[in-house]
Amino acid sequence: MRRVVRQSKFRHVFGQAVKNDQCYDDIRVSRVTWDSSFCAVNPRFVAIIIEASGGGAFLVLPLHKTGRIDKSYPTVCGHTGPVLDIDWCPHNDQVIASGSEDCTVMVWQIPENGLTLSLTEPVVILEGHSKRVGIVAWHPTARNVLLSAGCDNTIIIWNVGTGEALLNLGDIHSDMIYNVSWNRNGSLICTASKDKKVRVIDPRKQEIVAEKEKAHEGARPMRAIFLADGNVFTTGFSRMSERQLALWNPKNMEEPIALHEMDTSNGVLLPFYDPDTSIIYLCGKGDSSIRYFEITDESPYVHYLNTFSSKEPQRGMGYMPKRGLDVNKCEIARFFKLHERKCEPIIMTVPRKSDLFQDDLYPDTAGPEAALEAEEWFEGRNADPLLISLKHGYIPGKNRDLKVVKKNILDSKPTTNKKCDLISVPKKTADTASVQNEAKLDEILKEIKSIKDTICNQDERISKLEQQMAKIAA
């Protein structure tokens, strides 16, 4: 019997590295032994963690600044220890967060046209971890909500707009957290940990919704990410040190929906997921290839598509959001591959003959507008990302500056229960805001009343004067 090949519009996706003059050269990429991607990209900038003496630093380059990067090029260098992770804010292309070995998280505002001087002053410093901070991840739909996870096995969720911790999930993990991923609307997070457990957590209730022990039997680091349909995708190692990928349903984590073994390489697989096309790209640290798979509802659920191979191994990888791609060239993904001394963009394309906009490749995608404010999310509201069409390409709008309004600590009375205090914070702000609003409303109503009274008096006066005029005229 002839085997029927599965139909898929992504079967012929191919990767292509750009020409040398479009790479970013002469960059000393960080040598820190930490399994993060070391690179973060958005439609304006590429940020790369670099080697720095006397502290931690990362480069922020405008996308068009290709070629050789001068050694004296300004950096973002406020941390006192090496930077371990960076993440661009999805709602403001000029705001980036960084986590470091110095136990702090810093949030930076990058000037519109890039750096002209080194940046040492962050917009806000978030202090709360007792050990190095290896993970930072912005909330996908709520403005100014940032998650950080450290080697103190604690996850803290911050309101960057006020510079304070909203939630402290310190009792959930007993061992080091390898990665954290938000779901599509930011109501849940999933984590992979050194104790070989994958957990699905409701951060606002501070409880575990689902958990799987020994999701992968091997001792090497795992990764877990949420897919658009709510399932969880994991990468890890078998007991025989073979690399595995698996798909789980959080409602029943007894058995995986799918489990595939790949090879015996020892590099940790970093998954990058595109919710619009349901494609997962796996980039192994130290590999020289990117494998990609399509996730569907039919068995075997995770379908291997192809592999992009190159000669050089990758130190890290940046992944461009959908709105930063060239829709006229049928580009469905763009990676920024870190070598030892350079960053090389790799473009993934679906071959099509037509020059017209391909609706099937570009469904509406998450735009840069936040669907919720931090306080709304914290009070229990959820919202899906606000979608935009890429039909005429994405034109970046003007970003508003990130302003941090710190509350007066002296106003709030100390309470004995720290958890209660953390949870009641947004309520207080909401109460004070409503009191202020009521006072303003009263003022306005009083003013309107006095204006009305004045008008009535003037009317009476005018009518009297008119009567007098009439008498004189008679």
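Every residue, even glycine, has its Cβ placed from backbone N, Cα and C.
Automated prediction, rather than curation, is the source of TrEMBL annotations.
It should be emphasised that the depicted structure is a prediction, and the values quoted were computed from it without experimental measurement.
Here is what TrEMBL records for this protein:
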{"type": "DOMAIN", "residues": "3-67", "note": "domain 'DUF1899'"}
{"type": "REPEAT", "residues": "76-118", "note": "repeat 'WD'"}
{"type": "REPEAT", "residues": "126-168", "note": "repeat 'WD'"}
{"type": "REPEAT", "residues": "170-211", "note": "repeat 'WD'"}
Sequence-remote partners of the repeat 'WD' (170-211) [C-beta within less than 8 Å, at least six residues beyond its ends] = 35, 134-135, 137, 139-142, 145, 147, 149-155, 157, 217, 221-226, 228, 230, 232, 234, 236, 248, 250-251, 253, 275, 377-378, 380, 382-385, 419
Composition by DSSP (helix, strand, coil) of residues within the domain 'DUF1899' (3-67) = 3 helix, 24 strand, 38 coil
Residues of the repeat 'WD' (126-168) by DSSP state, where helix covers H, G and I = 0 helix, 25 strand, 18 coil
Determine how many residues of the repeat 'WD' (76-118) DSSP places in helix, in strand and in coil.
-> 0 helix, 22 strand, 21 coil
